[in-house]
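If you check TrEMBL, you get these features:
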- 1-58: region 'Disordered' (REGION)
- 27-36: compositional bias 'Polar residues' (COMPBIAS)
- 145-168: transmembrane segment (TRANSMEM)
- 174-197: transmembrane segment (TRANSMEM)
- 204-222: transmembrane segment (TRANSMEM)
- 261-278: transmembrane segment (TRANSMEM)
- 290-310: transmembrane segment (TRANSMEM)
- 445-461: transmembrane segment (TRANSMEM)
- 482-504: transmembrane segment (TRANSMEM)
- 524-550: transmembrane segment (TRANSMEM)
């Protein structure tokens, strides 16, 4: 006799009962559905928590939960992505367009002086090979400032995560820092005004530094909150049965829905990155004020879309300051694990019982420490354990990103002097790009092959490859996908190395290619496979990293874990 089925009655409610989940049962901290205690309600009475109403074709009031047998036999599919999630995706597109569109002209703007005979806004005379310029501070200053801006953008996500998780919540944090970032953009446009560049270039330079600091803080705070916010818009936290139009019964898997939303989230990042094409062309023909005005106008979408969807988003209230408690838990857990014997230290580090030392219930039961006065509960210790488990995988990502960034710079440099010798493109790493034949192809256009390949490959992976694999019963787990990403990155590096050797053999100057006026006879387009391999590595390693970090992070530490990633 078949076991009685559970139903999903109540899964499509617009409001979520604080004491119950979308399915009417109690929620654990692992659930994706909002959980609010009575204490938190008193602390945050103005923090609405709304659950987006899902599409009626996706989840019905009488939706059925799968049996154990169906979990092993039915095909799994992604669920409906709600409108609020697409709004967050638009926010990410606008922010990334402004970021890449702004940083694209930075080197020319800082390094090169105003071209003689130009239009006074930084654009060179038409029909010449002179590069755009404005401040004339040299290569060292341009490299230092652009590196500082990048460093600040990757350091400040922790600040945004703390403010979000402890005080403001993700949506409020995003909105406040989007306004701050907009101020930075306006200052940047002002520094590029032709009148100021010609009369007071020092003032422009000071304004540039101020704008970089402001935009760096805003970029970091947005970075750590926008990705968890998009995943939180997925309303279903449990699997349920759905009947397709062809009569096939499938399981709607919320993990696959999150995987899909992160793929399209990453897709919009790469569409936004193409903004650098528009701004670099604009600086060449019109000057820097217009080149910076374009991303500023697009950036206005960020606060506008956030405000427009304010009451449509799923919002979790901040949980109060937990950083000090987290530090105390970690200190207590790992106290006494260190030994002069590395093997003993390793054994203690991997002993799961070490977490019991921080559990209030365990300490009270064993009466091990009479002076132990915790300000947390057992659930918080479990959350910290999950957090530490989630960030372990991040230790390996520097092995991915450092070679990735180094190799992409080298490949861009490969294309820089294939038929034209452009010092701006070779100001950092002069290698392959400096010695091949471009046949009229701009060397800075080639780096966009990476983004274009990702834009093409993501829909193919989401709609054809992954569903096809699931039809044959092969589900590629996150760790497997991350491993594949590392393998594709390694293959791209091997290909670039082989190509570099071929350049040495076909260049008249041999290994002294950067001092040679004659480029290699190799066509620049043979670099394309390297870019495609890099794109594949990002799809498997980078996107899955976002998904893995979000799924493994506890509810009240989503932004912190995403910031660590």
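Cβ atoms here come from the backbone N, Cα and C positions, even for glycine.
TrEMBL entries are annotated by machine, without manual review.
Long-range Cβ contacts of the transmembrane segment (174-197) within its own chain (Cβ-Cβ under 8 Å, at least 6 residues beyond either end) map to 91, 95, 98, 102, 109, 114, 119-122, 134-135, 160, 168, 203-205, 207-208, 210-215, 217-219, 221-222, 225-226, 229, 287-289, 291-293, 295-296, 299-300, 302-303, 306-307. Taking Cβ pairs closer than 8 Å, the transmembrane segment (261-278) reaches residues 81, 85, 88-90, 92-101, 103-104, 227, 230-231, 233-234, 294-295, 298, 445, 448, 450-452, 454-455, 458-459, 461-462, 538-539, 542-543, 546-547, 550 in its own chain, all 6 or more past its ends. The list of residues near the transmembrane segment (445-461) in space but at least 6 beyond its ends in sequence, with Cβ under 8 angstroms from a Cβ of it, reads 263-264, 266-267, 270-271, 273-274, 276-277, 408, 411-412, 415, 433, 524, 527-528, 531-532, 534-536, 538-539, 543.
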